[in-house]
Amino acid sequence: MAAKDVKFGNDARVKMLRGVNVLADAVKVTLGPKGRNVVLDKSFGAPTITKDGVSVAREIELEDKFENMGAQMVKEVASKANDAAGDGTTTATVLAQAIIAEGLKAVAAGMNPMDLKRGIDKAVVAAVEELKTLSVPCSDSKAIAQVGTISANSDETVGKLIAEAMDKVGKEGVITVEDGTGLEDELDVVEGMQFDRGYLSPYFINKPETGAVELESPFILLADKKVSNIREMLPVLEAVAKAGKPLVIIAEDVEGEALATLVVNTMRGIVKVAAVKAPGFGDRRKAMLQDIATLTGGTVISEEIGMELEKATLEDLGQAKRVVINKDTTTIIDGVGEEGAIQGRVAQIRKQIEEATSDYDREKLQERVAKLAGGVAVIKVGAATEVEMKEKKARVDDALHATRAAVEEGVVAGGGVALVRVAAKLAGLTAQNEDQNVGIKVALRAMEAPLRQIVSNAGEEPSVVANNVKAGEGNYGYNAATEEYGNMIDFGILDPTKVTRSALQYAASVAGLMITTECMVTDLPKSDAADLGAAGGMGG
C-alpha cells in the first residue's frame, strides 16, 4: 500500500479552501447577464467556449492533492444542482464558496465546527420554507419565456421558442434540442405519437414527392410477434378490404412471404397496406405496443395472452385519423382511444417514473408519457460555427431545464433578490447557543453572495448595490443588464424556485461537511528518483 500524506486541523482546511477558491473563482465569472465566457482547452479540436457553470467546474483538476479535494467537493455541489434542477450551478458554487469561507473563519476564531454546521442547517431549512412562501406559480407563456430568457443568458429568442414549444406540446410534452442546419433557431412540432421505425419496404410509398406513406383513417394491427406466414393474416386482410379502409401493421417484424404478399396487394390496389417494425426491444417493446394500443383503441395480438393472429377481428384493431410513415419514423395522428384509458395509462407510467432508479429509464418513461399526453417538439439550434453551436446548445438545454423547474415549483424574483429577502426575513432567527447563532449568521450572510457576484461581473460596486437592494422590499432589485433598480418581476427577471432552493440546499450540505473536516489523507507523490530507478533497466 502506498504511503500517505496526512494533514490536520487548520493546515488541512487552508489547503482545502484554496482549492475551493480556485474552482469557484473560475465558475463565478459566468454569473449574471454580464457574466464572462470561460474558454476550455480540448485535447483535440477547437477549444470550447462556455458560460455554463457546471461545464467549467467539470474541467478543473488541481495538481496539489489537498487543494484538489476541496475543488472536487465543490464540483459535487455544481453537479448535484445540475442533476436536480438542470440550472443554478453557478449560484450553488458561489453560495458554497461564501459559506465555506465564512465558516472556516469562524472555526479559526475558535467556534465549535459541529455547532456551526447545526446553525447553518437550521438557517437553510428556514430559508427553504421562506422561499416557498415567496414563490409565485409560473403558468402563462410570458412568464415561461422570461425564465427561459434569463437562463439562456438573456437570449430572448430562446425564451420565446421554449414558451412556444411548451404551448404546443403541453407541460408534459417532450422537448428536445438538436443541431439546426441554418443560422436561425427553429421549432419543429410533431403532433401525435411518433416513434423511430420506418416502412419495411419502399413499395408501400404512396406519396413519391415526399417519399412517405400517408394513410387516412387506417385500421392498425398490433402484433407482438414476427409475421412470416401470410395465411395467419388472411382473415384480417379480407375483413379490412371489405371495410374499404387502409391497414397499418406494427409487428416485431414482417418478413419473407408475408411482406411480399402485402407489397403485391398494395401495388395492385387490392388493399392499401403499410408494415413497420414495433419500436423498442424486449420488455420496452411490449410496453410501447401497449401504449399504441391504448392510444388507438386496439388490442395487442400476443401469444402470451392466448391470442392468435388468425382469429383477430376488426374489433381487435386500433384506428387513427391519419398515419404518416417515412424512411425512419412513423407518426400516428389522432388515435381513437378513449381519453379515460389514455389518462389511466399515463398515470401508470408516471408511477413507474417515480420508482425508476436509473436516469436512462426515467428519460424513456417520460418520453412515453409525452407521446401519449401531448406530442414532441424539437428546438433546432442555428449557429454560424460549430464552436458557437456547442455553446448555444448548452444554453438552450439549461433554459429548458429551468423552465421545467419553474412550471414545477413556481418562480421567485431573480438577480439574487429572493435570497436577500429571505435572509432579511430570518435576521431574528436564533438557536441553542452562540456558536449555532454564528452558523445562522454565516448562512444568512452567504445568501447575499449571488447578488454581489452578479453586480461585480457587471462592473459595479457590490456593497453599494447590495445596500440599496436591502433598503428596498418585496421584488425590488437591481437589473444588471440595464443597470437600473426596480421590480424584478416587472423587468421579467425570474428564477425558478426549485433552482434557487436546490442551489442553497446542496451548497449548505457540502459546505457543512467541509467546515467539520479535521483531517485530510492522500497518497504521497512518488519521488522522481523512484521513477527513474524503475526505468533504469531499459538499455539502448
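Placed from the backbone N, Cα and C atoms, the Cβ positions cover glycine too.
As written in Swiss-Prot, here are the features:
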type    : residues                                     : note
BINDING : 30-33, Lys51, 87-91, Gly415, 479-481, Asp495 : ATP binding site
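Mapped onto this structure are the features recorded in Swiss-Prot.
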| residue | record | DSSP class |
| --- | --- | --- |
| Thr30 | ATP binding site | coil |
| Lys51 | ATP binding site | coil |
| Gly88 | ATP binding site | coil |
| Gly415 | ATP binding site | coil |
| Ala480 | ATP binding site | coil |
| Asp495 | ATP binding site | strand |
I want to check the contact list for Thr30 (ATP binding site): same chain, sequence separation of six or more, C-beta distance under 8 angstroms. What comes out?
Arg36, Asn37, Val38, Thr50, Lys51, Asp52, Gly53, Val56, Thr90
Around Gly88 (ATP binding site), how many other CB atoms lie within 10 A of its CB?
32
Set of same-chain residues at least 6 away whose C-beta sits under 8 angstroms from Ala480 (ATP binding site):
Gly32, Pro33, Lys34, Gly415, Ile454, Val455, Asn457, Ala458, Glu460
Do you know which of the binding-site residues Gly32, Lys51, Asp495 has the most other C-beta atoms within 10 angstroms of its C-beta?
Asp495
Including all protein chains shown, what's the count of other C-beta atoms within 10 A of the C-beta of Gly415 (ATP binding site)?
26
Packing count at Thr90 (ATP binding site) (other Cβ atoms within 10 Å of its Cβ):
28
